[in-house]
Ligand code: FAD
Ligand code: NAI
């Protein structure tokens, strides 16, 4: 039996990063992935392919809607869905090869097959051809990720009623895409098809889009997506969905019980994701998943109730984000090595890659109010930014929330062009517990979008923004 110091089950951003960090720390490492390709949800059916399609659809949308204004005359552009999906697949396979290279470079033994616990110290790998092998390990890291949540009364046939996985490999542009759930996936993939010309109807249980983010963000994002002709059925609960030939009929009720019926040719169900431990045989290791399917871990070590078994990423509590999984991957390897690493969960940024982008870190206004924390707010609109006017991307706002007494930045919420990259400044500032005054006094290159952050900090400190 092959014996390892660390065996990682799952090769998503949590798993492969923990394998690399473990190898860097001198451990003998193996990684088990049930699919033929490495990279997990994020690389194969998540972050990367969705961003490839977001970028392609944005190019198309700009070519149709803003090239002329910029003085670029071209023949009317057409969508070539086959090529768009082929390009996306190329991006993914390029990065699949990159992860395999990193495994080899770090001398990590890779197993392709289903990993299941044989005992608390041994894992059975069942390969596609049915053959199996048992390996042993001093430490095992569960990094098996998540799968889409499905409503029991919605018949997801993966043809007409689809999840994000199918929405990333469409053969045609839907005429009318009904999106159930206006959260992160709904906003991103709904945008892709709205840009490509689909009519998009969002049905959302909450009273705004991306409801877990600061309310201003959802309101502004809805305005910008509505400009592409999208419809919103907010505060609506889906009651049924049915497919007849090429037509999907979805019924929903508003809070007063009034029913609407929406007909489209595709329906994307994106109402959240659930931790995935199917086939892992947790019981053989003496483990169970909680009522929400998560593997419980100790906050200080990410160790499960069984010594030597750890869990990270989407399969444990917390934000289901690739960079959160990566931080936990590094964290666990360092815990196993006897180090004392640290993760600041309050400062994991959240980004929605629509256009304009939405990015946030720290507390929302609603959270500060609920916690009774006195705060100051400073906002700066993108339409007053020289750089935004030069590029024509004037929709957006940067909002900074600072402690009313100490001026420490408690939350930053940005909707606007390049917000995804801008949020890194807020993360660094908040990690060092900067005040709004600190950032307001730092030089920001002109003309850049980052000036919105400086101006919002000026606004948060005695309303002294210069340009608004
Ligand atoms: P996963 O990436 O889910 O990887 C788990 C791996 O474990 C999979 O490869 C699976 O096959 C394997 N596995 C499971 N069980 C077994 C087993 N028993 N044996 C062997 N292997 C097994 N996050 C962001 O931060 N930014 C984004 O832009 C973003 N975009 C997204 C877009 C979409 C459409 C989706 C669906 C998700 C997106 N996410 C994004 C979320 C992100 O993909 C996840 O948070 C991240 O992939 C979680 O990483 P993980 O390592 O925990 O698990
Ligand atoms: P989500 O939690 O972001 O959004 C789901 C939405 O569906 C919520 O707004 C919720 O109110 C709504 N909803 C739930 N039940 C409903 C019902 N019965 N009828 C109508 N609406 C209903 O989940 P989503 O969009 O599926 O994404 C899953 C996860 O994947 C995200 O939470 C995020 O962690 C990750 N992700 C991250 C991305 C990023 O970082 N850019 C991109 C895509 C996904």
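If you go along the chain as it appears here, the first residue is 1 and each next one adds 1.
Glycine residues also receive a Cβ, built from the backbone N, Cα and C atoms like all the rest.
Curation does not apply to TrEMBL; its annotations are automatic.
Counting only same-chain residues six or more apart in sequence, the Cβ atoms lying under 8 angstroms from the Cβ of residue 446 (active site, proton acceptor) belong to 386. In the three-state DSSP reading, residue 446 (active site, proton acceptor) counts as coil. For 446, the entry in TrEMBL reads active site, proton acceptor.
Residues annotated as FAD binding site in TrEMBL: 51, 115, 144, 145, 146, 314, 320, 321, 322, 323. Just so you know, the Cβ of residue 51 (FAD binding site) picks up 15 other Cβ atoms within 10 Å once every protein chain is counted.
Residue 187 (NAD(+) binding site) falls within a helix when secondary structure is assigned with DSSP. Cβ contacts within 10 Å of residue 187 (NAD(+) binding site), excluding its own Cβ and spanning all protein chains shown: 24. Per TrEMBL, the feature NAD(+) binding site maps to 181, 182, 183, 184, 185, 186, 187, 188, 204, 272.
Marked as disulfide bond by TrEMBL: 42-47. Long-range neighbours of residue 47 (disulfide bond) (same chain, six or more residues apart, CB within less than 8 Å of its CB): 322.
According to TrEMBL, the domain 'Pyridine nucleotide-disulphide oxidoreductase dimerisation' annotation covers 348-456.
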Name the one residue among 42, 181, 183, 204 whose Cα is closest in three-dimensional space to that of residue 320 (FAD binding site); these are the recorded positions. 42
In terms of DSSP three-state secondary structure, what is the assignment for residue 144 (FAD binding site)? coil
What is the number of other Cβ atoms found within 10 Å of the Cβ of residue 320 (FAD binding site)? 19
Just checking: which of the recorded positions 42, 204, 446 have a C-beta under 6 Å from ligand 2? 204
At the Cα level, what's the spacing in Å between residue 42 (disulfide bond) and residue 204 (NAD(+) binding site), rounded? 24
